[in-house]
Amino acid sequence: MACLEICNQVCNLMKSSSFSLYLLNMTNRKKKAHFRVYFVFWVQKLQGDETKEEREICTLDGTIDWHGQPAIRSKTGGWVAGIIILLNQGLATLAFFGVGVNLVLFLTRVLQQNNADAANSVSKWTGTVYIFSLVGAFLSDSYWGRYKTSAIFQIIFVIGLVSLSITSQLFLIKPKGCGDENTPCESHSRLGTALFYLSIYLIALGNGGYQPNIATLGADQFDEEDSTEGHSKVAFFSYFYLALNLGSLFSNTILGYFEDEGLWALGFWVSTGSAFAALVLFLCGTPRYRHFKPSGNPIPRFCQVIVSAAKKSTVKMPSSEDELYNVDGKDCSMNHSRKISHTHGFKFLDRAAYISSRDLDNQGQGIDNPWRLCPITQVEEVKCILRLLPIWLCTILYSVVFTQMASLFVEQGAAMKTTVSNFHIPPASMSSFDILSVAVFIFLYRRVLDPLAGKLRKSDSKGLTELQRMGIGLIIAVMAMVLAGIVECYRLKYAKGECTHCEGSSSLSIFWQVPQYAFIGASEVFMYVGQLEFFNAQTPDRLKSFGSALCMTSISLGNYVSSFLVTVVMKISTEDHMPGWIPGNLNRGHLDRFYFLLAGLTAIDFAVYILCAKWYKCIKLEGKCEESEDQEHIKV
């Protein structure tokens, strides 16, 4: 069809009432851009269904397939790839918690550590797991991409589990069957102990580097530029956290029971098999995954903004943001990432985008020197991270509460009545109630609470915001610690005065711990799921894995803060030859006071969080380039 004929037909179509209404609804500022978009739309419409079909089959967010070609919507990503990743996450979590959930008991029963030292060791190890998430996120966003990074760290994870299984069986579990409630283990050689710590920290490296990337890779399988897949992407984070918890359910029940009975080697080998199955399943989904290209090392980009702004610290800034440097859509060098709109916070950094006379060449164009002149999007990337930091810091104390499930909750449960008839309940298996609580509250939130909140707010798009959900999570965490403290008061009331290891020394049933586990689970749904969504949505396109790593790092620092608090509390409470709040014999201590201390600190943290949440400004994203904006408006 000739170009002139197309233009004539487009002009006739533009005389329709729908186009007239379209023009009336446009602002003057955007009329030119929208007119061009509408013109292109009708040209493509007249050219036939083939152009429309070609436009529809590819994703709009810039993802590519395994061969580096634009990802085809029907052949890549979606829930097929998402389910593979969810199953992978479930199996990998089963393997990880097969080690982590009873690690505190392994340290006390097999390596003969006392309660406080074992709790500190677990906190430090768990913290290291999530510190390594920063390593994985950096390699993913900068060089390897999310798929390659996930695969490499899963291999390291499997190697660590194989090493732990062999070490435990050959060097630590002596005599055979030791490490249960009644049979002590022999002293261990330095070699065996060294291999044990090498193994568990290989597991920490593998799992830590893998976690933030698998979450972001799963989110990449849904095109947020498409309305249907955009809703699926939000739902994915809830199902991801649910898969994580369901994967740990088997570890907390079946594996927890075997390990509590002294079958440590069997439990570790089952974990190894699960991790290997997760790796194989992940590799089988390779042709289906969608990918984003890594964008290079972000550290120089951040430094360029700081240096450029510092060089212009004495320059008088204009009042209008129109004089700040920005790249055109056609000349966009942001590596398929969306541009970020200018914001008014951290105005000092705007100097990096100010075009001074020294930043122009002879033709009046901006010079290509990123250490003197940075585009607005690059400046806004730094602002985004700075705005996230106060919110992130407020989540650390919540992680202190969360980490008690793997340490002090287990020790508290071991000092309660753990038998029903003749059946022994492993204290670590009580975290199953946390998992069930997570599953129930994810369903209640998505099906009941979120729609109800949307109706009350008269909003069709969403109910509670991520920041509101995280605040609710902090409130529930305070309630969980208060409940744990009350249960401990009653445990002490019904406890025997003297005991060796205090296991089963109280007549209070371990099932009185169910409320505190259930409240922790409910708080996780609001805090951690909201946190995953928040950091993924509020980080720039080129730092998505870093956003997920922030979630993991808050858990990491929470474990270190927990270890620090235990150390300080024990140092202060053991003065004047007192047994302290958390002694080896819990019946002589005051674990309840430690729980109430955490409740008070979390309440203070919630007050600070409210101030930070009110101050926070959300990121404002634009199109990837002019052509991408055209496609977005055409689709609307």
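Cβ from N, Cα, C; glycine included.
As the structure is a computational prediction, the values presented were derived from the model and not from experiment.
Copied over from TrEMBL, here are the features:
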- 79-107: transmembrane segment (TRANSMEM)
- 127-144: transmembrane segment (TRANSMEM)
- 151-171: transmembrane segment (TRANSMEM)
- 191-210: transmembrane segment (TRANSMEM)
- 239-258: transmembrane segment (TRANSMEM)
- 264-284: transmembrane segment (TRANSMEM)
- 388-410: transmembrane segment (TRANSMEM)
- 430-449: transmembrane segment (TRANSMEM)
- 470-487: transmembrane segment (TRANSMEM)
- 517-537: transmembrane segment (TRANSMEM)
- 549-574: transmembrane segment (TRANSMEM)
- 594-612: transmembrane segment (TRANSMEM)
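Using a Cβ-Cβ cut-off under 8 Å and counting only residues 6 or more beyond its ends in the same chain, the transmembrane segment (517-537) has close neighbours at 215-216, 219, 234, 237-238, 240-241, 245, 388, 391-392, 395, 398, 401-402, 405, 409, 430-431, 433-438, 440-442, 445, 466-467, 469-470, 472-474, 476-477, 479-480, 483, 544, 547-548, 550-551, 554, 619. Note on the transmembrane segment (470-487): residues 391, 394-395, 398, 401-402, 404, 409, 412, 464, 508, 512-513, 515-516, 519-520, 522-528, 530-531, 534, 592-593, 595-596, 598-599, 602-603, 605-606, 609-610, 613 of its chain, located 6 or more positions outside it, place their CB under 8 angstroms from a CB of the stretch. By the Cβ criterion (under 8 Å, sequence separation of 6 or more), the transmembrane segment (79-107) is not in contact with the transmembrane segment (594-612), since fewer than 3 such pairs are found. When each of the listed stretches 151-171, 191-210, 264-284, 430-449, 594-612 is scored by C-beta pairs under 8 angstroms to the transmembrane segment (127-144), 191-210 comes out highest.
549-574 is the stretch from 151-171, 264-284, 549-574 with the greatest number of Cβ pairs below 8 Å to the transmembrane segment (594-612).
Below 8 angstroms of C-beta separation, residues 82, 85-87, 89-94, 96-98, 101-102, 215, 218, 266-267, 270-271, 426, 428-432, 434-436, 438-439, 442, 521, 524-525, 528-529, 532 of the same chain, each at least six residues beyond the ends of the transmembrane segment (239-258), sit close to that stretch. In this chain, the transmembrane segment (264-284) lies apart from the transmembrane segment (549-574): fewer than three C-beta pairs between them fall below 8 angstroms, excluding pairs fewer than 6 positions apart. The stretches the transmembrane segment (388-410) and the transmembrane segment (151-171) are not in mutual contact, being linked by fewer than three Cβ pairs under 8 Å (pairs 6 or more apart in sequence). Sequence-distant contacts of the transmembrane segment (191-210), counting only residues of its own chain at least 6 positions beyond either end whose CB sits under 8 Å from a CB of the stretch, comprise 92, 96, 99, 103, 111, 125, 128-133, 135-136, 139, 149-150, 152-161, 163-164, 167-168, 170-172, 552.
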